Amino acid sequence: MATIKEIKEQLAAISDLLDPHWTEFEADARSGVQAAVRQRKKIIQADLDEEVRLENMLRYEKDLYLQGYQAIAGIDEVGRGPLAGPVVAACVILPKNCKIRHLNDSKKIPKKKHEEIYKQVVKVALAIGIGRISSEMIDQVNIYEATKMAMLQAIDDLQGLVSRPDYLLIDAMNLGISIPQSSIIKGDAHSLSIAAASIVAKVTRDRMMIGYDEIYPGYGFAQNVGYGTKQHLEGLETLGVTPIHRRTFEPIKSMLKEKN
């Protein structure tokens, strides 16, 4: 009789829930074998579910491929809501029908997985561009216009095997340029190209905020990335406003008025 270790090795070779060998393993009454069978089936089902999810997230891209477009760029931004730091956008062109496991809207990816998936995107992407708009410029033009500026900058910054996209998939934004484009609500959850841009923008901005935390300690920028957490608000009260704070955002706007 095969040991449980040997059976686990045999189960690892099965990748189909309809494989006829399941019957043999399911007939083994040992609890360890039954646990191994359940675990392996769970893994296979998770893989199948992930494949379906990735296929669904490629539906916009596949439709565009059929129309003749090749260099399809996903565009997304992070940093609209924080009280400090830049708004950062990324433009990413992935290879045709490229699938990256667990790539999703960056807000849905566990933080500990951000760097890993970011590296996978960077490794396979045909081209990546980054746009960064400072808090000073955000105050001058407003966050909506600053977001558009960051996205346009990301397109112009494209570096890699492709220098110019022939179609843009954008997360909930219309850019007034001649390149054909689609604005997709919650695009980072529905398009793999936009999801790739989302994680690139997120990791890029997080790294910037970690750097700012060293320059301006006491606000917790490495942890809150500029959002208005308790530590951040307490830092504003005790240390004041830094050059990277957005002066048109509350409560900073009111704090500056009171001082004047």
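Here the Cβ of each residue, glycine as well, is placed from N, Cα and C on the backbone.
Summarising the annotation, Swiss-Prot assigns domain 'RNase H type-2' to 70-260.
ASP76 (divalent metal cation binding site) falls within a strand when secondary structure is assigned with DSSP. Taken from Swiss-Prot, the feature divalent metal cation binding site covers ASP76, GLU77, ASP171.
With all protein chains in the displayed structure included, the most crowded Cβ environment within 10 Å among the binding-site residues ASP76, GLU77 is that of ASP76. Across the residues of the domain 'RNase H type-2' (70-260), the predicted structure has a mean pLDDT of 96. Sequence-distant contacts of ASP171 (divalent metal cation binding site), defined by Cβ-Cβ distance under 8 angstroms and a gap of at least six in the same chain, are ILE75, ASP76, GLU77, SER183, ILE184, LYS186, GLY187, ASP188, ILE194, ALA197, SER198.
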